[in-house]
Amino acid sequence: MAASTTLALSHPKTLAAAAAAAPKAPTAPAAVSFPVSHAACAPLAARRRAVTAMVAAPPAVGAAMPSLDFDTSVFNKEKVSLAGHEEYIVRGGRNLFPLLPEAFKGIKQIGVIGWGSQGPAQAQNLRDSLAEAKSDIVVKIGLRKGSKSFDEARAAGFTEESGTLGDIWETVSGSDLVLLLISDAAQADNYEKIFSHMKPNSILGLSHGFLLGHLQSAGLDFPKNISVIAVCPKGMGPSVRRLYVQGKEINGAGINSSFAVHQDVDGRATDVALGWSVALGSPFTFATTLEQEYKSDIFGERGILLGAVHGIVEALFRRYTEQGMDEEMAYKNTVEGITGIISKTISKKGMLEVYNSLTEEGKKEFNKAYSASFYPCMDILYECYEDVASGSEIRSVVLAGRRFYEKEGLPAFPMGNIDQTRMWKVGEKVRSTRPENDLGPLHPFTAGVYVALMMAQIEVLRKKGHSYSEIINESVIESVDSLNPFMHARGVAFMVDNCSTTARLGSRKWAPRFDYILTQQAFVTVDKDAPINQDLISNFMSDPVHGAIEVCAELRPTVDISVPANADFVRPELRQSS
């Protein structure tokens, strides 16, 4: 992208204007004139041609990738090249903790509102990092009166007596930086009261752009007398804390984070956001916008991060057992392989190494699975992205949160279990006899389906104009380094239900869609012995994303996350061992 189209993070309107002024990418073929999400009335062949045109085009076709530059007076900014696109990052490390008081200049209290997935991790990491920096900034937890989370916060060392635990509204009013980490649905229902309690010139910190999407859908915006920033760890809260603790002796390890400055009233926002990210232990921090973040994040959770991987292992397990495979072997060839050897290989060496590790016969089976699965996966992913971007999925989350309680004479409908079927009971048995450090088998068909899903998600985000750092973190790194290890440890619910309410809802909603489309379209194509789409295989082999992943791999956490079955850093209701 030309230098003249570099975009300022603090001015979203400037971003939109610059994007409009940027050189236009070549026009996509007319076949993509209808979105997949509304293509039910179009013939299947036409839908396939539309998606084929989308994939066959060079990666540059589609929305232009923004060049998100930023200025910092505290930390060192580095330029990296990802697939030919220049981006800027800040490396983390405990050696940077002495810079935190300068980054947080003018802040006396950081209020952490909520104690769900991210709250406990971020509060403890911030407290510990600031203590190491010998800062007198107070990290205070704010909870609603009567919350059961008070006991959990006290157990983590936050107390009323020390002024580090208290009422939500007192905490919001008394904080210079308010980290709003309650559920997205709760944010949507309470934002007006939260805004009214914030001090002028204070800073609102978000770890998800959901609230912006909700406000946009209502034609609203944030108050103009506060700064609005985001630091969004690319992993669940328990991973953020676990890797921070594991990395204490080796200059830090944690979860990569994106950051955004949506509104800056006094020029401090960028350094505060970067300080927040460094204090969380982020190995590297990359820039995004609040809008790009919520679109990629909500979409990613429903895709390969949670929902789609759940859907494909259910579909594959059923396929293998119907073909006569032993149940335990079927579980090993699906869940164990994806969360073990496949994730480990992608994390350290990339997707191509998964393919190159196969025998010649295995590569043929991989190609069949990849060729048959890519377009069906993209079909659902494309629909999901547009549901998020249009606000439909955001509205769905808000309404679902309200159904958790009795209303209008109807009963409450909280989230139900997702690990009570035969497959997941078999998984308990497999894990009970699994040798230590066993990574499961590399099944070529499973690998082909999983990698096809990953590449389809990468392609949708790329065509929608997301930066490579965001694409790779939301489609690859978060999946293999943060989330899959939890499913490997104790099954799908242990992975999904340690995440946010928005992620848990989305995973439950979209997982069946991936299961269905793979069963009805991809596997049927394989069973018919349909020709392999050699263009798809060739595009996979030569895709520039592989080089970008190599660069990101050099910035990965310095340790691998360890998730024991009896982990005590997860949600309280999930702490009992299987």
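Cβ atoms are placed via backbone N, Cα and C, with glycine included.
Since the structure is predicted, the reported quantities are computational estimates derived from the model, not experimental observations.
Site annotation for Mg(2+) 2 in Swiss-Prot covers GLU474, GLU478, and the matching candidate from ASP297, ASP326, ASP379, ASP568 is ASP297. By the criterion of other Cβ atoms within 10 Å of the residue's own Cβ, the least surrounded of the recorded positions LYS148, HIS208 is LYS148. Ranked by CA distance from SER500 (substrate binding site), the binding-site residues GLY111, SER117, GLU478 have SER117 at the top as the closest. With a 10 A radius on its CB, GLY114 (NADP(+) binding site) counts 25 other CB atoms from all the protein chains. In terms of DSSP helix, strand and coil, the domain 'KARI C-terminal knotted 1' (289-437) has 113 helix, 2 strand, 34 coil. Residue environment of GLU301 (Mg(2+) 1 binding site) contains 27 other Cβ atoms, counted within 10 Å of its Cβ in all protein chains.
Fewest Cβ neighbours within 10 Å among the binding-site residues SER117, SER500: this applies to SER500.
GLY111 (NADP(+) binding site) falls within a strand segment according to DSSP. When the alpha carbons of SER117 (NADP(+) binding site) and HIS208 (active site) are compared, the span between them is 12 angstrom.
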